[in-house]
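**Q** Take this structure, written in structure tokens, and hold onto it; I'll ask about it next.
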Amino acid sequence: MVVPSLQCMDSLSSDELKANGSEVVASSAGRGKSPKSEGKEEGPGGGKREKEKEKEKEKAKKGGEPECCSPRPPGTQRRCSARIQTKQRAEKELLVRRRVELLDNGDGVTSTGKRRNVGGRGKSGGESAGKEGPEVEESEVEAVGGAEIVGISVEPASAGSGVQRESQVAAGGDNVAPMVEKSDFAKVKETLRLFNKHYLHFVQEEEKRCNKEKAENSKGSQKPKSKSKSKEQQKGSKQSKTNSKKGNSTGDTKKLAMRPDLKAITKMLETNGVLHPKKRFGNIPGINVGHQFYSRAEMVVVGFHSHWLNGIDYMGQAYRKEYSNYTFPVAVAIVLSGMYEDDQDNADDVVYTGQGGHNLTGDKRQIRDQVLERGNLALKNCIDQNVPVRVIRGHESRTSYCGKVYTYDGLYKVVTYWAEKGISGYTVFKFRLRRMPGQPMLTTNQVQFVYGRVPNSVSEIRGLVCKDITGGEEAIPIPATNLVDDPPVPPSGFTYIKTIQVSKNIILPAASTGCKCRGGCIDPRICLCATLNGSDFPYVQRDGGRLIEAKDVVYECGPNCGCGPDCVNRVSQRGIKYRLEVFRAPRKGWAVRSWDFIPSGAPVCEYIGILNRAEDMDNASENNFIFDIDCLQTMRGLGGRERRSRDASSETVDHMGKHDDQKSEIPEYCIDAGSVGNIARFINHSCEPNLFVQCVLSSHQDIKLARVVLFAADNIPPLQELTYDYGYALDSVFGPDGKVKRMPCYCGAADCRKRLF
DNA sequence: CTGACTCAGGAGTAT
DNA sequence: ACTCCTGAGTCAGCC
């Protein structure tokens, strides 16, 4: 990288500044970033609190600056003047004191502390706390830390479903972790993220196994891996199956997961990670009509359809005790995937073929008569007892990485059933289902995405204001649309670049020696770069490379490595591969979305701009596009960026050996995308983001100069706005006058903090 | 593109 | 404790 020529901040015209300013709330809004996570400091347990207090004092002594990280809020000084710093310190100390006082007052203490632990910026009370008072108050409470404790101990008696209460009891009944109830939506999201993490882990395991086999094959005789091989495998797997059943194992032929999705389900079950392990009638909280699943396994882990294989999910006799007035089995959900030759799907009116008698392999036709039992009986019982059934439709979808998308289409009533001779001449049971009224319109008759239709070409785009904001820089053009302004204007005031420009007064460290792998890095035990990542590659190969989970730092292969550009450990270096669009959003300014499906863990883009010394940017008070490189801020739980724990940071220090923990607490460098930058400068903040920030080192190993790359935190359907958490703590931003600055948040998330800062 | 094959939890049944 | 049921997902092999 490196382009010495530099556009100075001052070169921004006043118009441009104004333009940026107006966007503030929106796009850049957050760019400013958070002086430190207040929340984190308000740590749990008394001892820790003491420590924090001490730390605070220590910092004050040192005249420590606020630890800024990433984007800076508009109109504020990223690094504050000494006067403001003093004021901030004083305020913090006051906070600490107040907190201690509150804690000393006794009750509620425990709950408070623990709850903060949920993560600083804490998803605010949702149904419970959220409705207690006006939003502002809620924020205040949040900001003041201790005070909120009092509010939180309130029993959410009036709020939430029984389930919520139940889980609350489960979580906090033992006085251990009375947490603020997250929105159901957030819980679903969290569960899916955990599932994806497990999934990618098992994908990696599987890839390792394949690589090993390949290596062994190429080492040994060139016996083509052919039928004989697969037969051997078959034998092996059969053996292992019987072995496992018998409970002993010969070990040698044990086959690893060919189905990482299923392995991930097992893992989720083992770790009690499944969201609603008990089956239930009707809607599942947090999953609205139109929700999209990207595999059958996803439905299992959120408790939406409890088997990855069966079409009909039903409650069996085991539920008799709990619901004594019902006759079981009773169906709760069905998947329409067009597997049955006799299915008819007319959106609101469905004729569903019962289960059984199906040729599981081969031509997938009926080969036996169906019987009125199991799922079939369960559907019949639904008619008699008027129980609605969740209907999920499976669609082939080229845009989905897995080739299939499952959409929740709402509750249906089973109206009638009958038996008839099917197309193949065998008896099949048919069930007529009718969609219940009062639900959102069906969006999935033919397809696909609740957000709208993806354009096929630039000419189809409504409100096009710029065909390619990159001016040909990126391999894939990025159009801009504006259906908000009148007259519509394109984004302006910046020059598009796709690689970092380095300020004149910065000398990048020399490139590290790199690994000696040839062609591509395969064996993580041999590859030096993999060693830095804890002896494993951070990515899997699947889908063009996906990051398995957020890490403090990702070490990629660099210019001096022996591997080629296709190496699995260079995933973030391949540029933008999705068709992105910049669009004008009401109230939010410019925003970014993708026309393509983005699988979780896939790199979306790097934050590009001018690499500058942070101290040199002190005067750029109106620049909203500054991203402080602070690798001590990292992802914790994907929900946002959070101050890394002491332990974690020391681990990393061990790793890297030479990094001075103390020093790196203050970001020395920043990326300024004010005048020049790439698509990342348009990405908005959200309190429930679908991207996360990941520091990546590839050409050198200086953590202070890490690259900042945005990765997908979830499976992101086409046309969903891309967002990441700017990570501000509330009341953490001060204006030039020393007063707390506030910025409303318009992200619209269920757990929105209402204020960006 | 097609066919072959595996996968694993839950329901139901036998002991 | 055991068997059976179920169809998505994967991959080799074919054209």
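Glycine is treated like the rest: Cβ placed from N, Cα and C.
According to TrEMBL, the protein has these features:
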REGION    A:1-141  region 'Disordered'
COMPBIAS  A:35-65  compositional bias 'Basic and acidic residues'
COMPBIAS  A:88-102  compositional bias 'Basic and acidic residues'
COMPBIAS  A:119-128  compositional bias 'Gly residues'
COMPBIAS  A:207-217  compositional bias 'Basic and acidic residues'
REGION    A:207-260  region 'Disordered'
DOMAIN    A:282-435  domain 'YDG'
DOMAIN    A:513-575  domain 'Pre-SET'
DOMAIN    A:578-727  domain 'SET'
REGION    A:640-660  region 'Disordered'
DOMAIN    A:741-757  domain 'Post-SET'
**Q** When the pLDDT values for the domain 'Post-SET' (A:741-757) are averaged, what is the result?
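**A** Computed over the domain 'Post-SET' (A:741-757), the mean pLDDT is 83 on the 0 to 100 scale.
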**Q** With DSSP as the reference, give the number of residues of the domain 'Post-SET' (A:741-757) in helix, strand and coil.
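**A** Helix/strand/coil tally for the domain 'Post-SET' (A:741-757): 0 helix, 2 strand, 15 coil.
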**Q** Could you give the number of helix, strand and coil residues in the domain 'Pre-SET' (A:513-575) as assigned by DSSP?
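**A** Residue counts in helix, strand and coil order: 14 helix, 8 strand, 41 coil.
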